[in-house]
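Taking it in order: structure first as structure tokens, then the write-up.
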Amino acid sequence: MKVECASNIGFCFGVRRAINILEKTASERGGVETLGALVHNQQVLNRLSGMGVRVVKNIDDISGRTVAISSHGVGPAVLAELKSKGLEIVDTTCPFVKRAQVAAKRFHDAGFFTVIYGDVNHPEVKGILGWAGGNGLATLNPQGLDDIPDLSRYIGVLSQTTQIPTGFTSFVKNVIDQALVKDAEIRIADTLCHDIRDRQAAALELAGRVDLMLVIGGHNSANTRHLLDLCKTVSNTHLIETASELQTDWLKGVSRIGITSGASTDETTISEVCSYLDRLSAGA
């Protein structure tokens with residue numbers, strides 16, 4: 001049984017940057033609170049907790065004088081409230097998310113209605129909507145804007161950073177088809193994360209060459225679920241968070257296994273899965 005990892009695996013640039021910032025802050029100050037989970041990966045959060053990083057869900061729960069913004073970012077109203085309380089803000093927002101926030105603000109300032117291709121319940125999308133100044137919406141409806149009445153003639157379109165590129169492209173085409181009949185002006189911002197795009201392409205290529213594909217990452221991680229959906233289109237694929245979730249009956253008749261991971265999956269977890277597979281292979 002041969003195991004091969006995708007060429008783009010482990011922490012993405014934005015997650016690694018956020019973790020480095022938090023580790024440094026926690027070390028210097030003996031701990032730090034984050035407004036919301038830094039990433040959607042429990043193993044990483046457990047390790048950070050051991051370093052004194054505490055997750056708070058609401059601003060009123062903050063007990064210290066320093067608070068970290070997660071890699072998913074927040075809207076301007078949240079930032080203003082934190083500043084009004086005199087809190088020192090450590091911003092770990094992913095640069096790609098920041099770029100999407102800037103695009104939404106630019107649309108708003110130009111008088112455009114912002115349409116985000118993304119999950120309205122995801123913290124990243126909530127933050128981006130905040131930068132649209134209340135003049136926007138988020139949807140994953142592949143048909144575009146069919147269900148939205150009285151749409152503005154001025155429309156700015158962008159994407160949640162971790163969405164699948166082909167999905168965003170299809171969405172944009174549908175928006176254009178619907179909006180042009182209304183004599184609309186449309187602006188499109190490419191806010192997809194380059195790292196995630198490369199990761200998805202590498203995973204898809206590997207999935208096409210193996211009998212079984214394993215995606216390692218948090219079950220509540222958006223980018224991990226997108227990897228799962230992509231790989232399932234070409235190979236038998238399962239999502240696991242740790243090696244303990246791997247089921248041996250998946251391996252029956254399998255000679256080649258491919259591995260990819262979500263952007264917030266740490267190298268230790270990946271190594272544990274690979275080691276477990278090696279032991280199973282040796283005992284076969």
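Keep in mind that glycine also has a Cβ here, set from the backbone N, Cα and C atoms.
Note that the structure is predicted; figures quoted are calculated from it, not measured.
Under DSSP, Glu124 (active site, proton donor) is assigned to a helix (H, G or I) in the three-state scheme. Note on Glu124 (active site, proton donor): other Cβ atoms within 10 Å of its Cβ, all shown chains, come to 26. Look at Swiss-Prot and you will find Glu124 tagged as active site, proton donor.
Taken from Swiss-Prot, the feature [4Fe-4S] cluster binding site applies to Cys12, Cys94, Cys193, supported by sequence analysis. Its own atom aside, the Cβ of Cys94 ([4Fe-4S] cluster binding site) has 25 Cβ atoms within 10 angstroms in the protein chains shown.
Around the Cβ of Ser221 (isopentenyl diphosphate binding site), the number of neighbouring Cβ atoms within 10 Å comes to 24. Here Swiss-Prot flags His40, His72, His122, Ser221, Asn223, Ser264 as isopentenyl diphosphate binding site, drawing on sequence analysis.
For Asn223 (isopentenyl diphosphate binding site), the number of other Cβ atoms no farther than 10 Å from its own Cβ, over all displayed protein chains, is 27. Among the features that Swiss-Prot reports, dimethylallyl diphosphate binding site is placed at His40, His72, His122, Ser221, Asn223, Ser264, with the record citing sequence analysis.
According to Swiss-Prot, the (2E)-4-hydroxy-3-methylbut-2-enyl diphosphate binding site annotation covers His40, His72, His122, Thr161, Ser221, Asn223, Ser264. Ser264 (isopentenyl diphosphate binding site) carries neither a helix nor a strand DSSP state and counts as coil. Summarising the environment of Ser264 (isopentenyl diphosphate binding site), the number of other Cβ atoms within 10 Å of its Cβ, over all protein chains shown, is 28.
With His72 (isopentenyl diphosphate binding site) as the anchor, the candidate recorded positions are Cys94, Glu124, Thr161, Cys193, and the one with the nearest CA is Glu124. Neighbour density at the Cβ, taken as the number of other Cβ atoms within 10 Å, is lowest among the binding-site residues His40, His122 for His122. For the pair His122 (isopentenyl diphosphate binding site) and Cys12 ([4Fe-4S] cluster binding site), the Cα-Cα distance reads 19 Å. Within 10 Å of Ser264 (isopentenyl diphosphate binding site), counting C-alpha to C-alpha distances, fall the following of the recorded positions Cys12, Cys94, Glu124, Thr161, Cys193: Cys12.
Taking a C-beta cut-off of under 8 angstroms and a sequence separation of 6 or more, Thr161 ((2E)-4-hydroxy-3-methylbut-2-enyl diphosphate binding site) has the following same-chain neighbours: Cys94, Phe96, Val97, Ala100, Glu124, Thr191, Leu192, Cys193, Ile196.
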